[in-house]
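Participant: Residues annotated as transmembrane segment in TrEMBL: A:65-84, A:105-127, A:139-160, A:172-193, A:218-241, A:262-283, A:326-353, A:374-396, A:402-424, A:445-463, A:469-487. Look at TrEMBL and you will find A:653-683 tagged as region 'Disordered'.
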Number of protein chains: 2
Amino acid sequence: MSKLTDVPKRILIGRALRSDRLGETLLPKRIALPVFASDPLSSVAYAPGEILLVLSVAGVSAYHFSPWIALAVVVLMSTVVASYRQTVHAYPGGGGDYEVATTNLGARAGLTVASALLVDYVMTVAVSISSGIENLGSAVPFVVEHKVLCAVLVIVLLTLMNLRGVKESGTLFAIPTYVFVAGVCLMILWGAFRGLVLGETMRAPTADYHIKAEHQGLAGLALVFLLLRAFSSGCAALTGVEAISNGVPAFRKPKSKNAATTLTLMGLLAVIMFCGIIVLATVTKVRMAENPATDLLRGGVPLGPDYVQNPVISQVAEAVFGKGSVLFVVLAAATALVLFLAANTAYNGFPLLGSILAQDRYLPRQLHTRGDRLAFSNGIVLLAGAATLLTVVYGADSTRLIQLYIVGVFVSFTLSQIGMVRHWNRHLATERDPAARRHMIRSRAINAFGACLTGLVLVVVLLTKFTHGAWVALLGMCIFFATMTAIRRHYDRVSEEIAAPEGPSEDTVRPSRVHSVVLVSKIHRPTLRALTYAKLMRSDTLEAVTVSVDPAESRALCEEWQRRGIDVPLKVLDSPYREVTRPVIEYVKSLRRQSPRDIVSVIIPEYVVGHWYEHLLHNQSALRLKGRLLFTPGVMVTSVPYQLASSAAAGARARRRQEWNAPGSVRRGPAQVRPKGPTAPKS
Amino acid sequence: MSKLTDVPKRILIGRALRSDRLGETLLPKRIALPVFASDPLSSVAYAPGEILLVLSVAGVSAYHFSPWIALAVVVLMSTVVASYRQTVHAYPGGGGDYEVATTNLGARAGLTVASALLVDYVMTVAVSISSGIENLGSAVPFVVEHKVLCAVLVIVLLTLMNLRGVKESGTLFAIPTYVFVAGVCLMILWGAFRGLVLGETMRAPTADYHIKAEHQGLAGLALVFLLLRAFSSGCAALTGVEAISNGVPAFRKPKSKNAATTLTLMGLLAVIMFCGIIVLATVTKVRMAENPATDLLRGGVPLGPDYVQNPVISQVAEAVFGKGSVLFVVLAAATALVLFLAANTAYNGFPLLGSILAQDRYLPRQLHTRGDRLAFSNGIVLLAGAATLLTVVYGADSTRLIQLYIVGVFVSFTLSQIGMVRHWNRHLATERDPAARRHMIRSRAINAFGACLTGLVLVVVLLTKFTHGAWVALLGMCIFFATMTAIRRHYDRVSEEIAAPEGPSEDTVRPSRVHSVVLVSKIHRPTLRALTYAKLMRSDTLEAVTVSVDPAESRALCEEWQRRGIDVPLKVLDSPYREVTRPVIEYVKSLRRQSPRDIVSVIIPEYVVGHWYEHLLHNQSALRLKGRLLFTPGVMVTSVPYQLASSAAAGARARRRQEWNAPGSVRRGPAQVRPKGPTAPKS
C-alpha cells in the first residue's frame, strides 16, 4: 500500500480501502472456530482432571461416578450451546451477555453480568496460563519446577505482545487449535483402536498408585455433596462458550447462521474431546489426588512433596502414545499453546467489553474509541496485574485457581438466559404470525431450561466452592460493580450539570469584549509567531505581558521590543518572589474584575519538541500556567505551537502509533458502531 | 494577616508586606551561625574518630600522632576560613564557589565545582544521617541495631518534611546547635577541671581494650602514607565551611562584614571543639579500630561481630559525664539532632544551587523560579534517592561513607581559591589606590596559600582514598557534569533555532486569514460557551466540527443543532474506525493544504474538574488531540474551559500550594535576583 498524500485520491481510496479491510476482517467459519473456541476447547485440558481430583477424596472407588458426572457436564454443555444459539439469532449485533441482560433485565443486571465477565477474563488468564505451564511441564520438567516464575513470564510476554499491538491473526489461532483438536481426536481414536481392536492394555503412569481416601465410604448427603462438587469442577469445561455470541459481527454473512453453526461445531468438539479423555482416563486408570504428596501412595508409601502430578490429558497421552514419543510431545506443546491462546483471548475480550461499557458510560469514555492506545494499555495492564497477583498468590496452581473461575461464568450464563426468556415473552406479546410464534415459544423453552439449569449449577457452585475461593471471585465482582456504578454516577452528575438549557443562557450571552494577552518571556521566533497570530484574531484589545523575574532581563526585553518596533504594547508584571504563575493569574483576574462582562484570551507560545526528556526542559511553566488559568472563569487559553526541528521525531512516532492495532480487532468484526439488535428495543 | 481582595489595597500592601518579609528574613549573626554552621560544627562529631580509626592500623602507639594531625587540620581549617573571608568580601552577592569559579576560571571550572557540590550535598545527607544514627545509638541501642532501617527512615522523614514545605526557621536550627556547642564545650571544660584541678583519672569505656595492629611498627613512606590518610579523614571536619559564602545575602547589613565575623566565629568554635575532643580522647584512652570485631581485643580475645563501636564523642562524654548521666544523654541527643539538621542543610542547599545552575541553563529552567514546587520536589526526590542508595549500599556506616565525602569538598575549595587569586590579579591590574592595592595583595596571598594547601590536600585525599571509595564520588561528579553539559547544549541549540532574525521573517509575515474550527461532541454548556467565545474572536471563517463516531448520535446532534438555530455551520467528519484524533488532524491539514497561507484556530471546549480521578474520566481525547494538533504547522489551539462544580476543590488546592515555602528560603535571603558581585564582571 503506497503512501498517498493527494487529498481527493485519499478520500476516494480511503473508501475503497475501508471495504477492502472490511472484507479482509470478516471471518470464515473455519477461522472463526479457532479464534473463538480456543478458550472453551482448551478447557478440556483441565476440566476432566478436576473431576477426578474431587472424586479422589472419597477414594478410588468413587472414580466410577466420573462417567456420570461427565454426562451431566455434557447435558449442561448441550443446553448452554442450544441456549446461545438462540441468543446469536436474536442479537446479531453481538452484544453478548451484557447486552442481553441490560436490555431485558435492566442496568443493574447488565452491570452484574459485566462485573462477572471482567472477573472471568482475569481468571481466564490466570487459569489458562497456569494449566498451560503444567501441560508444558509434563514434557519439560524445568518449567514445572519453576512454575510461578514461568507463568508470570508468559503473562508478561502476552502483555507486552498486546501492548505492542500484535495484529490478531486468524491463522495464528487456527494452527495450534487445529493441531490440538486433531491431536486429542487422534489420541481418542488410537486409544480406542489399541484397546478395542488390538485388545492392548494401556496403563497411565499413575495406574499403580493407590489413593488414600480422606473420607472412606462416603454415603448419603455427603456423597451427593462430593458429586456436586466434582460436577462444579467439571463445569470449568464450559468457560468461554459465550465468546461467539459476543463476536457475531465478525462472521461472514449470513452472520447469525454461521455463528450458530460454529457454536454447534464447537460444542460438539468439546463434548467429544471431554468424554473421550474421561473414558480414556478411566480405562488407563489415571490416579489423581487433591494432595498428591500425602494422598497418593506407591506400595503403601506416600509420594512425598517432590511428586509432580501431571494433568490428565498428558497422562492419557503417555499411556496411549507412549512416554516421550513424538506425538506425546507434540500434543503437550499444542495443549500449552492453545491454553496460552485462550489466555490471549482475555486480552482481546477485556478491551472489547470495556469499549461497550464505556459507551454506556460505566468506564472512562476513551475506552470507547477504537485504536486509543493509551486507554487499551491501561486495561491490558490492569488485566495483567490482577492475573499476575492471582497466579502468584495461588502458586500458579490451576486446581486452586479453578475454584474462583466458575462463579463468574455461571452468573453471566444465568442472567443472560433469564434475559432471553424475557426477550421472548416481550416479543410473543406483539407477534401474531403463528409460525414465528411457534419458533419463539420453542426458543423460550430452550432458554428457560438453560436458565434453570445454569441457575441450579450456579447455586451448586456457590455452595460447594464458596470457602474454596469462590468468595474471592465474588469480591472481585463487587469491586468492579461498585467502581462502574461510581463512574456512571459521576458522568450522570456532570452531564446534568452541563446540560444546555433551551433558550438563551449565560453561556450564549455574548460577552462584551475580548482582551487578548500574549505571554512573552523573550523575543524569539515562537513569540513573534504568537504575536502575529494574536493580531490576526482581531480582539478588542491586544497586549503583550511579561513577568519580571529578573529586572535586568526585562529591561533588556523592553529595549529590544522598542528597537524592533513591535506594534503591540508590552506590559511588565512585577514578580517579587520570582514566580511566573501567580502574577499572570492575578493580572488576568484583575482584568476580569475591572470589566466582568469581558473575557480574556491568553495566548501562550509553546515549543513543540520530539522527546519526553526535551519536554522536561521546556514549557513547564507554560503548562503549569495553563493548568491554573483554566480554573479562572471567563478565560480562554490559546497555545501557539512552534515546532522545533526535533519535533519531527515525535510526529513520526505519532504516525506509527496510529497504525497500531487494538487487541481484539479480529473478533470485534469490522469497525462500526455496535448496532442495536433489530429485535431488541432499548428498555 | 487578613485576606485582601481589594486590588489597589493589595498592590499597596503587597509592597509593604514585601519589605516586612524582607526584614523578617534577614538573619542576625546569632541565628545565622546555627543556620549555616550546623553542617561544619556537626562534623566534629565524626572527624576526630576517623583520625583515630586510621591511626589504629599501625597500632595504639600511632595514637600519639593524633595531636599533630589535629594541628594540621586546625591549620587547614584556619586557612580555609581566612580564604573564605576574602570571598565573602569580594562576592557579597553570595555566589559561592560556583560563582567564583565560573567568573574567574570559566564555565568548565564552574561546572566542575557545581558537580562537586551536588555530589557533596548527597554525601552530606548520607554521612550526617549515618553518623547521627550512630550517635543516637550510643544512647538508644535499638537504633544502632537497625542502623540502615533507621537511617533510611530519617531520610524519608526529612524528605517528606521538605516536600511538604516546612518553613525553615532560624530558631529550629539555633536551639539544638547551641545545645550541642554548649554541651561539647562544657564537656571539654569539665574534663579539664576533673583532670587538671581534681586530678581524677577519666577512662573511656574502651580504655582497657588493646588494638591488634594490622601493620605493627610501620615506618618510613608507609607511615607517612598512613598519617596522610589519617589527615585526609580528619579533613571531614571542613565540610560545609563554604556554606556561609553562599548565603551572604541572608545576613543583616553590613552583610559581608557580618558574614565574615560569623565565619570566623564558626571556625573558632570548630577548632576548639575538634581539638578538645581529640585531647580528651587521648587522655581518656579511647580505643577505636577500622574493624573492631577482629582488631579490638579485650584480654587478648577479639570482641567479635556483636561489638558496636560508639563514636569518639560519645565515648568521651561517657568518660567525662559518666555513663547514662543526664548530660551524656542530652549531648548524644543534641549531637544526633545537629547531624540531622546538617543533613537538612543539603535539602536546602541543593535546590538553591539548582536554581543558580538553572539560571545559567545547566538545569531545567523551572528550577530557577522560586516556589516552583514541582521542580523543587524533583530535586529533593533525586537527592533523597541518591542518599538512600548510598546509605543502603554502605550499610549506613559513616566511616565508609566519609571516604567518598571529602573529594568533592576539596575540588570546590581548590578551584574556588584559584579563582580568587585570578580575581585579585585582575583587580590589581586596574586598581591604583595604594591602600586598596595593599589590601588586595594581602587577600591574594591568603587565597594563594589557601589554593596551594587545599590543592595539596585534594591530591592527598585522592591518593589515599581513591580505592577506598573516592572513585564513586568522582564518578558521580562526572555524571552530573555530563548531564548538565548536555542540557546546556540542548538549550543553546534550541535558542539558536528560535532566535528572532532582525527584520521581517516567516514568523512576522501576516497569514492571510484565520479559519476557526470549534470541536463539538454534544450540545451542552461547554460547547455553547466555546461557540460564544469563538464568535467573539471574529475570525475569517467559523465552523463547528464533529466527528461521527456513531452515525445515530451525530444525526441527533445535527437535528438538535438545527432545532436550536445555532448560527454556526456544523460539519460532520466521517470516522470509519471510531477514532477522534485522526479525522480532525486530517481535516485541519486539508484546510491548510487548500490555502497554505492561512492559519487554523482549533477551539476545544474543556471540562475543568477538581480531582485527578475525574481527570481520567474527561478530556482524554481532547488532550490527545491537542497534543497531536501542536505538531501540525499553522495551527493554534484554544481551550475554552468550563469549570465544573468540583473544580472548586482543585482551585483551593492550588491556592494552598502557592503558599508553600520552598526549602532553603531562609538561607537564600530575601527574594531577589542573584545580583552580580559589583567587582565581578561576567567573563
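Glycine is treated like the rest: Cβ placed from N, Cα and C.
The model shown is predicted, which means the values in this text are computed figures rather than measured ones.
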Participant: Count the Cβ pairs between the transmembrane segment (A:402-424) and the transmembrane segment (A:469-487) that lie under 8 angstroms and are 6 or more residues apart in sequence, then report whether there are at least 3.
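Facilitator: Checked: the transmembrane segment (A:402-424) vs the transmembrane segment (A:469-487), in contact.
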Participant: Of the listed stretches (A:139-160, A:262-283, A:374-396), which one yields the highest count of Cβ-Cβ distances below 8 Å with the transmembrane segment (A:65-84)?
Facilitator: A:262-283
Participant: Going through A:105-127, A:262-283, A:326-353 one by one, which has the most CB pairs that fall under 8 Å from the transmembrane segment (A:469-487)?
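Facilitator: That would be A:105-127.
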Participant: When you scan the chain for residues with a C-beta under 8 Å from the transmembrane segment (A:262-283), skipping those not six or more beyond its ends, what do you find?
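Facilitator: Cβ under 8 Å, 6 or more out: 29, 32-33, 36-37, 40-41, 43-44, 47-48, 51-52, 63-64, 66-67, 70, 73-74, 77-78, 80-81, 84-85, 88, 181, 184-185, 187-188, 191, 195, 202, 204, 237, 241, 244-245, 251, 312-313, 315-316, 319-320.
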Participant: Is it the case that the transmembrane segment (A:139-160) and the transmembrane segment (A:374-396) have 3 or more CB pairs under 8 Å, with pairs at least 6 apart in sequence?
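Facilitator: Taking Cβ pairs at least 6 residues apart, the transmembrane segment (A:374-396) and the transmembrane segment (A:139-160) are in contact, with 3 or more under 8 Å.
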Participant: What same-chain residues lie close to the transmembrane segment (A:218-241): Cβ under 8 Å, and 6 or more beyond its ends?
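Facilitator: Sequence-distant neighbours of the transmembrane segment (A:218-241): 37, 39-40, 43-44, 46-48, 50-51, 53-55, 57-58, 62, 65-66, 69-70, 72-73, 76-77, 80-81, 84, 120, 124, 127, 263, 266-267, 270, 274, 342, 345, 402, 405-406, 409-410, 413, 457, 460-461, 463-465.
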Participant: Per the definition of 3+ C-beta pairs under 8 A with sequence separation of 6 or more, do the transmembrane segment (A:374-396) and the transmembrane segment (A:105-127) touch?
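Facilitator: In this chain the transmembrane segment (A:374-396) contacts the transmembrane segment (A:105-127) - 3 or more Cβ pairs sit under 8 Å.
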Participant: Report, as numbers and ranges, which residues of the same chain sit near the transmembrane segment (A:326-353): CB under 8 Å and 6 or more residues beyond its ends.
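Facilitator: Contacts with the transmembrane segment (A:326-353): 38-39, 41-43, 45, 96, 98, 114, 117-118, 120-122, 124-125, 128-129, 131-133, 135-136, 138-139, 154-155, 158-159, 161-162, 168, 172-173, 176-177, 179-180, 183-184, 186-187, 240, 243, 246, 311, 313-314, 317-318, 367, 375-376, 379-380, 383, 387, 662-664, 666-668.
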Participant: What residues in the same chain, six or more past the boundaries of the transmembrane segment (A:105-127), come closer than 8 Å to it by Cβ-Cβ distance?
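Facilitator: Contacts of the transmembrane segment (A:105-127) (Cβ under 8 Å, skipping residues fewer than 6 from its ends): 39, 46, 97-99, 155, 158, 236, 239-240, 342-343, 345-347, 349-350, 353, 357, 360, 362, 383-384, 386-387, 390-391, 394, 398, 401-402, 404-405, 407-409, 411-412, 415-416, 418-419, 422, 473, 476-478, 480-481, 484-485, 683.
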